[in-house]
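What TrEMBL says about this one:
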type	residues	note
REGION	1-25	region 'Disordered'
COMPBIAS	14-25	compositional bias 'Low complexity'
TRANSMEM	99-119	transmembrane segment
DOMAIN	101-530	domain 'Major facilitator superfamily (MFS) profile'
TRANSMEM	139-161	transmembrane segment
TRANSMEM	168-190	transmembrane segment
TRANSMEM	196-213	transmembrane segment
TRANSMEM	225-246	transmembrane segment
TRANSMEM	252-270	transmembrane segment
TRANSMEM	332-351	transmembrane segment
TRANSMEM	380-400	transmembrane segment
TRANSMEM	407-427	transmembrane segment
TRANSMEM	439-463	transmembrane segment
TRANSMEM	475-495	transmembrane segment
TRANSMEM	501-523	transmembrane segment
Amino acid sequence: MPQVSCEKAPNGASSSSPFLPSTSLKDSQVHKSYGVFESSDSGTQDSFDSCHTKSCSRPFSDSVADYSDAPQHPDYATSDSARLVQTKHQPSRSYRNEVISSVLCCFSNVAHGLAYGLASPATPTLISEGKLTPAQAPLFESLLTIGALVGGIAVGFLVGALGRKGTLLLAAAPFLLGWVCLAVTETYIVLYVGRLLTGIGYGLVAVVSPLYIVETVSKEIRGALTMGVTLASTSGILLQFCMGLVLDTRWLSIVSMTPLVIMVAGMIFMPESPRWLMMKGKYDAALEALTWLRRGTAEQVLEEFKEIAGNVENAEYSGVCSKCKSYSRKEVLTAVKSISICCILFAFQQLSGTTPIIFNAQDIFYAVGFTSSAMSSGQIPAIILAAVKMVTTIGGIFLVDRLGRRPLFIGCGLAMGVTCIITGLYFAYQSYLISNYAWLPLLALVLYEAAFSIAWGGIPWLLLSEIPPANVRGIASVAGSTATRISAFIVTQGYSSIVEAINMSGTFWLFGSISIAGSLFAWKFMPETKHKSLECIEHELNVSVPVRTHSVL
């Protein structure tokens, strides 16, 4: 495997052309060698290494694009065949196109949040209308998780076969069909089917949306834009809770289709992930997609193109052969290490108790002592917590690329642990306290949800798309999604039994202990990925395999 450094390589070329630093695009070509860009008229080489790569005897695939015949014309940078951005010594690169594609992608996560938040306002209405009985309601709610598990397993195969963009567009189909079923049905069977279908879309979107953003945006803004996935999801939850005050289930379902329509209409015109295109041997399309996304100089685009292509080609030859599907020991150990870290983080995320706290907010607030009709109805507490989750997620977007993933995750986990312990202490000594202290657990739970939303809600999904090697991201998606769904099912179904066994105080102490344990795990094993290219991250996670020597007698 080539030696990789996260330091940017020097580039001393000067610019004399609107396309390339030292020569025109017509006189330059991408050679079919391991990451070398050579000028045909001067014989000089520009390696454009952002992660230093050494020469490799294995050539690029024959499908690497040869741009020696590209016309010298100022308008060629915006042509349909190849969009190389003109070099005008811009002081900084524009991230406009990356933001546009990410925002359109995040509309799928608004639909994700709408599906998650539907049960709270819809279930009482469906029961009152006679479409569900109280005994049928729990299954209606849990079918979303079951569908998400199915979608999470399927996405691992779909992202490899259809691509990241293709899978995202496909996810809209079960989502839309599910919403239609929920909007027009009069029977509980169709309600079950609709909830299951939205769950499948829910599971697909939860994995492929952050994966698409991670693979298409620059490392400088990757964390913030990927955390936007969590912001979009929490916005959908808050929107659904608010709409539930005035709309019935039919209109909730109809309105919930809107983000999906916007996502599909916009994503059709967005590029596919350049990394996936290179893995499929489509280097010409990958360069075109990368150029549109980056809007940088030709030097910058070709530099990143060579880096990604070199890493993809190396993966094919150094252990993952596309023909024989054989894996080297080093590749297997690195993949297992990265996937294990992600799965354990997802387990801590769900076992920390956020889902049962949201689902049982009404009972918790009632137990605290809030007995007014507005609070005991369950809608107002849910809206308060959803609003807190959304607002604090914005804080996470600004902090994740400033403080880094690791310190943010550790600090927020410790804060979650402290707030849960405080809440547990309140319940343990509630009989000795006067009613004026009822605000204390409310404040503690609000701070708990704030800390969770800043880091724990989004960072595991961000790492799931960052740290697994490119050739196993599909498998990693399946493993991570399965881990989070199983953990969520365990803690949600077991919440009532835990409360009965160790009381409310013991339950919150348990959640607090798990949160602190998650922070300790992150301190020991979680890598920092801030401002690092995916290729650098993969290199740093590589497991060293000792060389075994055999003596010959």
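Cβ coordinates are placed from backbone N, Cα and C, and glycine is handled just like the others.
Keep in mind the model is a prediction, meaning the values are calculated, not measured.
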Top Cβ-contact partner of the transmembrane segment (196-213) among 139-161, 168-190, 380-400, 407-427 (pairs under 8 Å): 139-161
Among the ranges 139-161, 168-190, 225-246, 407-427, 475-495, the one whose Cβ pairs under 8 Å to the transmembrane segment (439-463) are most numerous: 407-427
Recorded stretch, among 139-161, 168-190, 407-427, maximising Cβ pairs under 8 Å relative to the transmembrane segment (99-119): 168-190
Positions whose Cβ lies under 8 angstroms from the transmembrane segment (225-246), at least six residues beyond its ends: 98-99, 102-103, 105-107, 109-118, 120-122, 209-210, 213-214, 217, 252, 255-256, 259, 379, 382-383, 386-387, 389-390, 393-394, 396-397, 400, 453, 457-459, 461-462, 465
Chain residues outside the transmembrane segment (380-400) and at least six past its termini with a C-beta under 8 angstroms from it: 117, 120, 223-224, 227-228, 230-231, 234-235, 237-238, 241-242, 357-358, 361-362, 364-365, 370, 374, 408, 445-446, 449-455, 457-459, 462, 530
